[in-house]
Amino acid sequence: MGLKKVCLTVLCLIVFCFGIFYTFDRVNQGERNAVSLLKDKLFNEEGKPVNLIFCYTILQMKVAERIMAQHPGERFYVVLMSENRNEKYDYYFNQIKDKAERAYFFYLPYGLNKSFNFIPTMAELKVKSMLLPKVKRIYLASLEKVSIAAFLSTYPDAEIKTFDDGTNNLIRESSYLGGEFAVNGAIKRNFARMMVGDWSIAKTRNASDEHYTIFKGLKNIMDDGRRKMTYLPLFDASELKAGDETGGTVRILLGSPDKEMKEISEKAAKNFNIQYVAPHPRQTYGLSGVTALNSPYVIEDYILREIKKNPHTRYEIYTFFSGAALTMKDFPNVHVYALKPASLPEDYWLKPVYALFRQADIPILTFDDKN
C-alpha cells in the first residue's frame, strides 16, 4: 500500500471517528457513507472505470436516468445535492438509486454557501472525489455549482458531458454563460480555490464535448459549434392517442418555489377558474381556493398517467415560467398556457422566458393581477 493510500486511510478514519462532515447533517440516513468508496480505493482501484452523474433537481435526475439507460453495462455513481428533501425527491432518488451502482444524497437544508456549511461540505466532497476509482466520464447540468468542480478538478482528464437544466439552457441570460463561480466571502473563496484550483464555469463549459438536450427545435446556449448536440426525449407520450375531449376539462396551475408568487398565483387561479395546483418540488407554501395535487410524481409523469386513465379528458396547464410547459406542450389532450400579469413592466425579468414561450407557440394570456 503506497503512501498516498495510507494518507487517505488516515484522513478518512479521522472523518469517520469525529463526524466532522456530519455536524450539520443528521438526516441523510447513511447515504453519504464513504466506507464503500474507501474499500474500492484501497483494494479495487484497477477495476472498470466509473461514470459520475451530478444532479441538483428532479428534472436532472430524470435526464440522468435516461443517460444511464443508453450505456448498459457501464458503472455509474450518482450524486444528488439538494437544499430540499420531500416525497418527490425521495421517490426519484430511489428510482435512480436502483439503476446506479452507487448513489449519494447530499441534503443541504441551509444551502452550500452558508458559512458553517461551506467549508466542511467542500472538504467532504474533495476527500470523496479522491476516494473514487478511475473516472471515465462526468455528466452534469449545473455548470455554476462550485461543489461539482471539486470532482472536476480531481479528474481533469475525464470526459465531460453536459445536459439540460430546464429553461436555463434556452435563454441568453443564463448563469451557465458566466465565467467564475459565485462564492460569497473572502474566506470561502480562498478555500474554494484550494479545493478546485483554477476551475471555473467557463472551463467546465469549454471542456464539454457533448450536450444532451431535452428540447427539440429550440436554440440551446450550449449549441455553439464546439460540441456534439444530442437530443434526449425525456417523457414518452408516443403510445398515447388524442381523445375527443368530451370527458370534461381539468385545469392545473404549475406552482412556483418562490413565496412571492403566492398572491398572484391565487389571483390567476380565480381569474381562469383553475381547480388544481401542482406544487413545485421545492414549494413549501399552499394556495387558497385550489386543490393541491399531492403526488410523488413530477407534473409530466402525473399527466401522462392521468391521460392513460382518462383519455377523453381535456387538460389545461397554466404556468408563469415553468419549463414543464415546453416538455408537455405536445402531449395529447394537453393545452399549455403561459400567464402574464398585466402589471409587469416592459423590461421585466421574465421577458426572455415569455419570448421563449412565443417561439414554442405557447399562447400567453395576460390577466389583471391588481383586482
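Using N, Cα and C of the backbone, Cβ positions are placed for all residues, glycine too.
As written in Swiss-Prot, here are the features:
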{"type": "BINDING", "residues": "G255, A278, P279, H280, P281, R282, I299, E300, S322, G323", "note": "CMP-N-acetyl-beta-neuraminate binding site"}
{"type": "ACT_SITE", "residues": "D258", "note": "active site, proton acceptor"}
{"type": "ACT_SITE", "residues": "H280", "note": "active site, proton donor"}
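Locations of recorded Swiss-Prot features on the structure.
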| residue | record | Cβ contacts under 8 Å, 6 or more apart |
| --- | --- | --- |
| G255 | CMP-N-acetyl-beta-neuraminate binding site | M261, S265, V277, A278, P279, H280, Q283, L287 |
| D258 | active site, proton acceptor | none |
| P281 | CMP-N-acetyl-beta-neuraminate binding site | T57, I58, N84, N86, K88, Y89, P257, V298 |
| I299 | CMP-N-acetyl-beta-neuraminate binding site | I252, L254, A278, L293, I317, A324, M328 |
| S322 | CMP-N-acetyl-beta-neuraminate binding site | L254, S256, H280 |
Residues G255, A278, P279, H280, P281, R282, I299, E300, S322, G323 binding CMP-N-acetyl-beta-neuraminate per the record - widest CA separation, whole Å: 16
Mapped DSSP class for P279 (CMP-N-acetyl-beta-neuraminate binding site), helix or strand or coil: coil
Mapped DSSP class for I299 (CMP-N-acetyl-beta-neuraminate binding site), helix or strand or coil: helix
